[in-house]
Amino acid sequence: MFVDQVKISLKAGDGGNGITAYRREKYVPFGGPAGGDGGKGASVVFEVDEGSRTLLDFRYQRHFKASKGENGQSSNMHGKNAEDLVLKVPPGTIIKNVETDEVLADLVEDGQRAVVAKGGRGGRGNSRFATPRNPAPDFSEKGEPGEELDVSLELKLLADVGLVGFPSVGKSTLLSIVSKAKPKIGAYHFTTIKPNLGVVSAPDQRSFVMADLPGLIEGASDGVGLGHQFLRHVERTKVIVHMIDMSGSEGREPIEDYKVINQELAAYEQRLEDRPQIVVANKMDLPESQDNLILFKEEIGEDVPVIPVSTITRDNIDQLLYAIADKLEEYKDVDFTVEEEESVGINRVLYKHTPSQDKFTILRDDDGAYVVSGNAIERMFKMTDFNSDPAVRRFARQMRSMGIDDALRERGCKNGDIVRILGGEFEFVE
């Protein structure tokens, strides 16, 4: 099983601002307030797409920002709500909060959705604040900021196809030319030290997941060269693509390579001996390869199909992809997977953290200022237009109603002391 993991940043859309406006119509004296509310900001929603296989798209774009709601308008017209930003993910994607490591969602079924970053509420227009004592309020609210957080996406995949063979036979090169994967390729053994995964599409649009596994060596079934770790990955694939360097350029005989790898597979797990296998004769662009291929076919017999290719000139690559897709189609109803011990009995559930809205804390800065923090007070701070004196007075009333003024006095706050909330500074006045 391979884990594809990527970290991304999400920013839900801010709510649109409410506006301060008045009804100005001929023959209608004292028309009253007419400021509309802002629209709701877009949420960031993850949705399962059964056709998606990897998290590759998220490696090219790491930051996602949803749209802001429209501002309110005069004549009590509300701003338009923004459309949610929907991000498609493969089945089996787990979404975690990077900061807390909390599981926010475990998405498994096609079409399943989870709202991970909630869009901000639209600010209220001045019409909303009209009362008998204040029939024409001259302030409005700013839109609520959308949620902002970093999340990690984890996807556990079973590869359909596993590339096996000795080091430097061309497995990584093959994966790089038939998929968008970018495995490390070098002119030395064991360039690949961990499995690489790629989604491959045959010319007829049949697709499958291919894994480039680190090169096996003799003794791998006994753990030599981290053999157990690599063979465990092979155990979970449906089809084995056995690549052989037909040129013998590494000083090994192709037929011996074939026998050794198959012996190691069978020694590790007897069932691997019967796993569907496609033999690929690589490096056919080299002059020695043709003669070696004739001898190789004579040795293994006609029952084992061999597909000659060159990953350098890309000869016969399409034929190989057709053969792999056909073999997968033939064994599509056979389950070769091995259950993970830790996965038994797991219930997949959707988690959603809902922070308390009314608690606050008061701390002291080094310069003696009082620092007030908390979800509710910070939300009100962000939604207050501090360029409007009436809005500032309303904010002060809200602080008193929440008990913040009394709590500051209990902490020793006196007339003229500095109080900080987020980026704002206020002078405490009795």
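Cβ atoms are placed via backbone N, Cα and C, with glycine included.
The following features are taken from Swiss-Prot:
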type    : residues                                    : note
DOMAIN  : 1-158                                       : domain 'Obg'
REGION  : 118-145                                     : region 'Disordered'
DOMAIN  : 159-329                                     : domain 'OBG-type G'
BINDING : 165-172, 190-194, 212-215, 282-285, 310-312 : GTP binding site
BINDING : Ser172, Thr192                              : Mg(2+) binding site
DOMAIN  : 352-430                                     : domain 'OCT'
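Residue with the densest Cβ environment among the binding-site residues Lys171, Lys283: Lys171, by other Cβ atoms within 10 Å. Across the region 'Disordered' (118-145), DSSP assigns 4 helix, 1 strand, 23 coil. Secondary structure at Ser172 (Mg(2+) binding site), as computed by DSSP, is helix.
With DSSP classes pooled into helix, strand and coil, the tally for the domain 'OCT' (352-430) is 29 helix, 17 strand, 33 coil. Within the group of binding-site residues (Ser168, Ser172, Ser310), the Cβ with the highest number of other Cβ atoms inside 10 Å belongs to Ser172. Note: the CA-CA distance between Ser310 (GTP binding site) and Ser172 (Mg(2+) binding site) rounds to 13 Å. Gly165 (GTP binding site) falls outside any helix or strand according to DSSP and counts as coil. Per-residue confidence over the domain 'OCT' (352-430) averages 86 (mean pLDDT, predicted model).
All protein chains included, Gly165 (GTP binding site) registers 24 other Cβ atoms within 10 Å of its own Cβ.
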